[in-house]
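Copied over from TrEMBL:
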DOMAIN    23-288  domain 'NADH:quinone oxidoreductase/Mrp antiporter transmembrane'
TRANSMEM  57-81  transmembrane segment
TRANSMEM  93-113  transmembrane segment
TRANSMEM  152-171  transmembrane segment
TRANSMEM  178-196  transmembrane segment
TRANSMEM  202-219  transmembrane segment
TRANSMEM  239-257  transmembrane segment
TRANSMEM  277-294  transmembrane segment
DOMAIN    290-344  domain 'NADH dehydrogenase subunit 2 C-terminal'
TRANSMEM  324-347  transmembrane segment
């Protein structure tokens, strides 16, 4: 892609998210979301592959549906209440429609069906943008409207997302689909705690972005998109395979890695709020996700690639990719647990 075009598109992505962050008016927030969607579409379709074009079309249709619903709901709220302010979402029908539309935007279950299919059709770097940056603007709106949303609806979305994210990834062999289901499960963890302590949602979102970035960049470095290509990682780059396995365990939420922190804090807060049953279901749903992360770890570190794979011999050539973003995100993914009190103090 032409570097000037790429710069313009990335600048537009930043502009759309910043607009939504800065807005207190529904029309401006909607405009930011639309700029965001329009800016990523050319990045998604840049390879002109039928799968990429199909993924782009699916993404455009779902995002356009969600944006139209947000516009309709905010107009309804303004008509009934005479107020366009994001924080004054007083009409119950409008608030329910907006949370459903924003759930569709970020891929919460049961509005998640587009997410694995779209991610599967993209290259890894565009998939990284879709899984991380594109979540920020809708999440900013969700956090602002959360006080007006029915708590039962938020809890249902959170529980269903963690369960669907766990179950859905069990039978997958494509790494991008596994990361899509991982994303759905993590979104569920963030939504479930939103009504009680919003700063924990922000911590979980930040940790998720770093862990997912580390995983996508690792797969990009290893040129792996399926589980059976992961089996060659160990022979090509043992250190990369080791850090990737640890990053997967961090995504699964195992101590003493960074991913344990948000899960631990969220379960602790749910128990404090006297809803131990919800906390138990969430912990059990995390085990489902952990299973397929362990499956990837096993494929990467404990199996030897069969000689029947019709790939060219993976010589250890010097990589031309930037390793600094991968190194930074991997260090954050593996080592932030000891400074949990500092992160809590900064977030509150």
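Each Cβ is built from the backbone N, Cα and C atoms, and glycine gets one as well.
Here the transmembrane segment (277-294) does not lie next to the transmembrane segment (93-113) in space: the count of CB pairs under 8 Å, restricted to residues six or more apart, is fewer than 3.
If one looks beyond the transmembrane segment (178-196) by at least 6 residues along the same chain, the residues whose Cβ comes under 8 Å of a Cβ in the stretch are 106-109, 112, 115-116, 118-120, 127, 131, 135, 139, 142-143, 146-147, 149, 151, 154-155, 157-166, 168-169, 172, 204-205, 208, 212, 215-216, 251, 262-263, 266, 269-270, 273, 278, 282, 285-286, 288-289, 292-293, 296.
Between the transmembrane segment (202-219) and the transmembrane segment (324-347) there are 3 or more Cβ pairs closer than 8 Å, counting only residues 6 or more apart in sequence, so the two stretches are in contact. The stretch from 93-113, 152-171, 239-257, 324-347 with the most CB pairs below 8 A to the transmembrane segment (57-81) is 93-113. Tertiary proximity for the transmembrane segment (93-113) is limited to same-chain residues at least six positions away from its ends with a CB under 8 Å from its CB atoms, namely 33, 62-63, 65-67, 69-70, 72-74, 76-77, 80, 134-135, 138-139, 141-142, 145, 148-150, 153-154, 157, 160-161, 163-165, 180, 183-184, 187-188, 191. Averaged across the domain 'NADH dehydrogenase subunit 2 C-terminal' (290-344), the predicted model reaches a pLDDT of 81.
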